Amino acid sequence: MILTSVLGSGPRSGSSLWPLLGSSLSLRVRSTSATDTHHVELARERSKTVTSFYNQSAIDVVAEKPSVRLTPTMMLYSGRSQDGSHLLKSGRYLQQELPVRIAHRIKGFRSLPFIIGCNPTILHVHELYIRAFQKLTDFPPIKDQADEAQYCQLVRQLLDDHKDVVTLLAEGLRESRKHIEDEKLVRYFLDKTLTSRLGIRMLATHHLALHEDKPDFVGIICTRLSPKKIIEKWVDFARRLCEHKYGNAPRVRINGHVAARFPFIPMPLDYILPELLKNAMRATMESHLDTPYNVPDVVITIANNDVDLIIRISDRGGGIAHKDLDRVMDYHFTTAEASTQDPRISPLFGHLDMHSGGQSGPMHGFGFGLPTSRAYAEYLGGSLQLQSLQGIGTDVYLRLRHIDGREESFRI
């Protein structure tokens, strides 16, 4: 039974569902003080969300529309105009596209089994999407630059509102783990939700970045990206985490096409590389606990060709056990021992939204890292594959398609 079939078309007096939904769908207002005035406004907004939760007709209509995905080449060569008309064109595209993509994801939440969909954390994320849909569809058509500037403010707000969605989904599904009977359904839901989120954030961030005049960039697209430099940035990040946890970190050697430069979008690399590097360093340190200050290097090889970019990360961390190899790409599987660390205090996925900066955090956690990285790579027309020699180490191959237009590319 799915969530919508149980919820029906609207709340009824005395319905037993209200206690189940709990505090996420209720807010008491007791006074008219300055603080409570804010609570009144929040209550009104959440009341609208609840109404929309039960009145899905507008969402259903939009969810039937197909998504219009752009190639990076289209984004790169859309050009700039002195009068700012490119910003209006981009803003109008977003205004049409974002509600469609969000409606598709709301439909995905409604397809979840009832017991999972009613988990308070999952329900909170569902509510975030409904609220975003409301705000986007309530915004009047963009007619001029003043409208576009207001729309940018809304987009920034929504990006901030949704910055913790990955962590919340991981937490909610971990809480619901014992109720999951169909692993394939959950994997499909997560693949779709996480890659859709990546696409939305790329498009939204690209539009905001079009307002900036940054050398070698058109929006979020770097016209002369150096794989070596972006790898070095995340090597430094991963080594700091590793040193904080283990007191030392493996050295990293980078070889191959180290001088390569080409147009590319750094954002997916900023999402995937930290996870792969943390895995390699953790495996290396934990397989050499007797000699923590004498550990083998992690070796990264860059291979650039006319079709794609390949990054191989090789470690001597003992490899992956045969019994685990088929499961490492499954959501919520992790080779790390269970930890009592509260994920809300130190979220594993902070780096996915570029908010971790230099802070230290856990070297392992929910078991979302590899499957999320795989989903992102496949969404971008590439792949993520592992070759493991148990007792020796692991090679991870990240393959991403070029965006220069010479070969067929992916769509965002």
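Each Cβ is built from the backbone N, Cα and C atoms, and glycine gets one as well.
Between S31, S52, S287, Swiss-Prot assigns phosphoserine to S31; no such entry appears for the others, which is not proof they lack it. Checking S9, S356 against Swiss-Prot, you find phosphoserine recorded for S356. Scoring each of the binding-site residues (D315, D330) by how many neighbouring Cβ atoms lie within 10 Å, the top position goes to D315. Mean pLDDT for the domain 'Histidine kinase' (159-404) in the predicted structure: 87. If you take the Cα of L370 (ATP binding site) and the Cα of D330 (K(+) binding site), they are about 8 angstrom apart, rounded to a whole number.
If you check the recorded positions K192, K233, D330 against G367 (ATP binding site), the ones with a Cα inside 10 Å of its Cα are D330.
Taking the Cα of K233 (N6-acetyllysine) as the reference point, the closest of the binding-site residues N279, D315, V328, D330 is N279. Within 10 Å of the C-beta of K233 (N6-acetyllysine) there are 15 other C-beta atoms, taking all protein chains into account.
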